[in-house]
Amino acid sequence: MTQSLTIRRPDDWHLHLRDGAMLEGVLPETTRHFARAIVMPNLVPPVVTGAEAAAYRERIMAALPAGARFEPLMVLYLTETTDPADVRAAAASGLVKAVKLYPAGATTNSASGVRDFDRVRGVLETMAEIGLPLCVHGEVTDPAVDIFDREAVFLERVLEPIRRATPGLRVVLEHVTTRDGLDYVRGGGPDMAGTLTTHHLIINRNHILAGGIRPHYYCLPVAKRETHRLALREAATGGEGCFFLGTDSAPHADAAKESACGCAGCFTATNTLSILAHVFEEEGALDRLEGFVALNGPAFYRLPPNEERITLRKGEPLVLPARIETGAGPVTLFDPGFPLLWHVES
């Protein structure tokens, strides 16, 4: 039985670092294990222009722990006033690696997102021309659509028309939560990929609602039925190159989670690799872990894989704090509900 595994240092292709005191508190949890991350731009105000992305990158670099080797991959927040020329320049400079589509109101800090997709057609056409990926939060915001159906409806109503109207547009369907989303990615050809989170491989909607409300399992897209969770695990561990890790690790202070109207997001940066090693071992797929966390993502983003290696070693249960302290308040770690036996060694 495998007791250790050495792989290329992983990347996180969907990460929330926040800003200010929260950024300073959570950044070390990512840099401890990950070499690069696609950093989400949904700050207040959002990161819309190349200049704003450069300034945010500087703040991230200034907050790095001493000796950390980490490259933030910057993303622009797509709005109806985004300038195609600015997107082109930001991509040409090497600063920006993607543009993020948030349907207005779909998730945390998405009020500036897109309502009229005709108004972003010029940006999308520019992105298709230069090969810059569009990262998509794949949920409709129509209040008539049940929250558990919003991903499947988005594919039909929004994403498919966008892709038909913009040939060559490279798209990442982020944090896929349904079999519908998985099948859409699989059928999308070489310009289509999907990220899978750690927590959606572990929890279904019962974990959030059955026996009491558990706010630290509440995220968007919300976890779905068990049949979808099992399909996600199969996709993550099955060796398909179109799927890769995007944790969507989303820190909120506990006071914002444990309230009458709590924020959406699971904070998984600290223990993601140990959880994933457990999942891949359960599925008899430890040999495919490296592809999921370190190879498939760079291949889609047309970046070289990391040369540095890390080792995961199986041992006694990992002892982690229930929460980390930040200047913005304590942040509770995602609890997978089972002992973590895989330790990460640099």
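Using N, Cα and C of the backbone, Cβ positions are placed for all residues, glycine too.
Record check: Swiss-Prot places HIS16, LEU17, ARG18, ASN42, HIS137, HIS252, ALA264 at the substrate site, and the matching candidate among LEU73, LEU169, LEU220, LEU295 is LEU220. LEU220 (substrate binding site) and HIS175 (Zn(2+) 2 binding site) have their C-alpha atoms 9 Å apart, to the nearest angstrom. Of all Cβ atoms in the protein chains displayed, 16 besides its own lie within 10 Å of the Cβ of ALA264 (substrate binding site). Under DSSP, HIS14 (Zn(2+) 1 binding site) is assigned to a strand (E or B) in the three-state scheme. Nearest neighbour of ASP248 (active site) by Cα distance, taken over the binding-site residues HIS14, LEU17, HIS137, ALA264: HIS14. Cβ environment of HIS252 (substrate binding site): CYS263, GLY265, PHE267, VAL331 lie under 8 Å away, each six or more residues apart in the same chain. When secondary structure is read from DSSP and collapsed to three states, ALA264 (substrate binding site) falls in the coil class. For the binding site of substrate, formed by HIS16, LEU17, ARG18, ASN42, HIS137, LEU220, HIS252, ALA264 according to the record, the largest Cα to Cα distance is 19 Å, rounded to a whole number.
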